[in-house]
Amino acid sequence: MALSIMSSYASFRPFKPSSSLSSSQNIIRNFDENSKYHIRSNGDLTPQKDLDKYRDVLRKADPFDEGLKMIDAIQRLGIDYIFEEEIDKIIQSQSAYKFFREFEHDHHHHQDLYDVALRFRLLRQHGLFVPADIFNKYKDNNKGCFDTRLREDIKGLLSLYEASHLCIEGENILDEAALFSAQHLEASMTRLHRYDQYQAKFVATTLQNPTHKSLSKFTAKDLFGVYPSENGYINLFQQLAKVEFNRVQSLHRMEIDKVTRWWRDIGLAKELTFARDQPVKWYIWSMACLTDPILSKQRVALTKSISFIYVIDDIFDMYSSLDELILFTQAVSSWEYSAIQKLPDSMKTCFRALDNMINESSHTIYQKRGWSPLHSLRKTWASLCEAFLVEAKWFASRHVPKAKEYLENGVVSSGVHVVLVHIFVLLDETSLTQKTLDFVENMPSIITSTASILRLWDDFGSAKDENQEGHDGSYVECYMKELGGSVEDAREEMMEKISDAWKCLNKECILRNPAFPPPFLKASLNLARLVPLMYNYDHNQRLPHLEEHIKSLL
């Protein structure tokens, strides 16, 4: 809902150059004059000395001002993996506690909302907890709500809106900030369209795709070229981002070729003609979750596991009798080849291919670590099949479970548990031990929250995959039967649950359990970020937004 703006046109302030923006322009000018950075014909980077010039700019930046704005620009452009060491040093130089105490005792004037909200967001993103109470300074004490004078500060409102998406449970002030900033940004659109089309587009894009819940992999390309952003450092780093985009694009094409050949060689597409045959779509999950180019082998391996989630889902959803599904689930629970003898050949082929994939992943870890995750991986797949079987039995008996029961099972049948356990193993970080793997295997909240987001988004439109026919349950159906509400009531409840799940996921990523290495946390977030794109069907049951992104990336 848009609010009317009471201030006059003259007093309405869009983005305007600040001292920090002027500073960024000076740095860009000096950098361009001294650098010969360019793209070679083969798309590779020029010598290391040119890349080092970017690193040098980061190292010399004031960590409390320029440094944070540079980090924001680098993250938006999707090249933060290049500067992990420099970014970590800037972030670690910050003190969340000191930041809060200094701000709390500043009684003389409001600090710039843009800077405060940016710092809040970046520190939280990197695991430094900053209390949301810092935003109390921007509230009208007499009215108990945000100061309406802030509605003229478009730059600050954008930063506040971005920061609000790192909310955790109980932070009502960030819920208020999200509503306040969104309302006034929406209200600004008409005026912005009159005299600043670029900024109007930027505001609209931010409202639709806040940074914390978006994938820079899909949005970075929109920043290429002359882009009058509130962050002038985007112009500084975009040349490097273009080079990286071309390099990584070639890498992704090579990985898709490997995945496609593997999929063809195992023969499941021929054996299971009823199942989905979409290796490129399955690869997108891996590409989104594991963004660092160095993780090429892991992306290919992860796509293999994801392909089986889709195929086995189709076996349970569309093809087999209930008796066959029970036998298949028993086979996956025991991992005894004798258990598949009474199954159709197609299901036998699927079981063997799944077992080979799991053994391959386990053997790689065994060679490196001297112990095997085989038991944990097998147990995870057994849990998935058991959840699929529960849904198959519900359908066969025409039983509609209560909404809570459906969602608890749906968290497992979403496949997120399988994906994240495989990611945890494939990353092979120093934190990977049998003890930490057991912890991840037992569905910690970082997994259940991510899985809830996927399950609810999947059910939101009750849409089928564009090439899928068959039967599935739906949270909407369960909610309406149990509580007698309308479709709109059910969907409103689902959106509230998605919001709650995001708050739980934020908490896990901000407070950081030592068992979870940063790449695993990032993969969990990225999985949740991709979900809306994967389930945003049009009236033709297609995914136009996802297809558009795939074309631009590949």
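Here the Cβ of each residue, glycine as well, is placed from N, Cα and C on the backbone.
Just so it is clear, the model here is predicted, and its values are computed rather than measured.
The annotation (2E,6E)-farnesyl diphosphate binding site is assigned in Swiss-Prot to Arg276, Asp313, Asp317, Arg455, Asp458 on the grounds of similarity to another entry. According to DSSP, Asp458 ((2E,6E)-farnesyl diphosphate binding site) is assigned to a helical segment. Residue environment of Asp458 ((2E,6E)-farnesyl diphosphate binding site) contains 20 other Cβ atoms, counted within 10 Å of its Cβ in all protein chains.
Summarising the annotation, Swiss-Prot assigns motif 'DDXXD motif' to 313-317.
If you look up Swiss-Prot, you'll see Asp313, Asp317 marked as Mg(2+) 2 binding site, on the strength of similarity to another entry. Cβ-based neighbour count (10 Å, all protein chains) for Asp313 ((2E,6E)-farnesyl diphosphate binding site) stands at 22.
Feature annotation from Swiss-Prot assigns Mg(2+) 3 binding site to Asp458, Ser462, Glu466.
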Local backbone state of Asp317 ((2E,6E)-farnesyl diphosphate binding site), from DSSP in three classes: helix
Reported mean pLDDT - the motif 'DDXXD motif' (313-317): 93
Tertiary neighbours of Arg455 ((2E,6E)-farnesyl diphosphate binding site) (same chain, Cβ under 8 Å, six or more apart): Leu407, Gly410, Val411, Ser413, Ser414, Tyr475
Largest separation between Cα atoms (Å) of residues that the record links to (2E,6E)-farnesyl diphosphate, namely Arg276, Asp313, Asp317, Arg455, Asp458: 19
